[in-house]
Amino acid sequence: MSVMFDSQAAIYPFPPKPTPLNDDEKQFYREKIKRLLKERNAVMVAHYYTDPEIQQLAEETGGCISDSLEMARFGAKHAASTLLVAGVRFMGETAKILSPEKNVLMPTLAAECSLDLGCPIDEFSAFCDAHPDRTVVVYANTSAAVKARADWVVTSSIAVELIEHLDSLGEKIIWAPDRHLGNYVQKQTRADVLCWQGACIVHDEFKTQALTRLKKIYPDAAILVHPESPRSIVEMADAVGSTSQLIKAAKTLPHRQLIVATDRGIFYKMQQAVPDKELLEAPTAGEGATCRSCAHCPWMAMNGLKAIAEGLEQGGAAHEIQVDAALRESALLPLNRMLDFAATLRV
């Protein structure tokens, strides 16, 4: 049986949008970043949800564009002494936990995540203390402190497999922070999952009625859905999975049109994978509803060319990720469990 923890819904203020750059400014910052990466012995590690021009720059400079699991692996294994993490803050923290000897920089430390913000350590720790018989599994989209309180860290690409494994051992689960992903995992595994009530501001906005209307316009299109989406959206999907899994599904499915229910940043790499297919954004508004994120994380959008150049050039407290040594040791244990488990799955 799945029991749901009922917490108060929160609305987070969005950061201001970066000032648009003209073509000359973009070229200036691209060249500056390339030079600074070489001078700093640095490599870019970018998430699929960053803007296309950031992903393109990571490609051009020998960096990584991936989901959070592969970002963690890449940064730990790469020979660079400095990692420039283009993403949100928990990704930078994870990189520092796995690579403490490296200098981990971010374009801005103000790049948050609604899942991270929605799972403050004091409240979450008290929640765990109230259920001492449960194994604590937290999503990668959490702070270092929340990871340190967990038994396991997990990404969406291996979430179902891990919960199946723990359920086979007879363990009852606390899942945090994303309630939609928790619901999806519970439905797939039938495990005893007690969910924290967080949500991703992007995926939470996908609308069932509007998606139904879009499907009528494109009846032959396949629907690809990230499991951070509401259950009603997941139930309409032809394929459900993490960002990397959705890109694989786009290649595997025979459909020529794909409706994609995740952050539109994924379109850059997905379109590369299927250049002959048409990608359509799943609607986040319609039927009288409006959207706030409109299928793009506002904190991911903070990773602009100017901010990346400033992060590499200035470093310091405004850009460098620091994780307390004791906290790092505690958070490293569940992270290593995740990586070891993922290795057994060969993902």
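Just so it is clear, glycine is given a Cβ too, placed from its N, Cα and C backbone atoms.
These figures come from a predicted structure and were not determined experimentally.
Long-range Cβ neighbours of N141 (iminosuccinate binding site) (same chain, at least 6 residues apart, Cβ-Cβ under 8 Å): S68, F90, C113, L115, D116, P177, D178, C200. In the three-state DSSP reading, N141 (iminosuccinate binding site) counts as coil. Among the features that Swiss-Prot reports, iminosuccinate binding site is placed at H47, S68, Y139, A140, N141, S156, H226, P227, E228, T243, with the record citing sequence analysis.
Swiss-Prot lists C113, C200, C297 with the feature [4Fe-4S] cluster binding site. Mapped onto three states, the DSSP output places C113 ([4Fe-4S] cluster binding site) in coil.
According to DSSP, C297 ([4Fe-4S] cluster binding site) is assigned to coil rather than to any helix or strand. Across the structure, E228 (iminosuccinate binding site) and C297 ([4Fe-4S] cluster binding site) place their CA atoms 13 angstrom apart. Listed in sequence order, Y49, V88, C113, I201, V202, D263, G265 are the same-chain residues at least 6 apart in sequence whose CB falls under 8 Å from the CB of C297 ([4Fe-4S] cluster binding site). Note: the [4Fe-4S] cluster site is recorded as C113, C200, C297; in the same chain, Y49, V88, S114, L115, N141, I201, V202, D263, W299, M300 also have Cβ atoms within 8 Å of that site's Cβ centroid. With a 10 A radius on its CB, C200 ([4Fe-4S] cluster binding site) counts 25 other CB atoms from all the protein chains.
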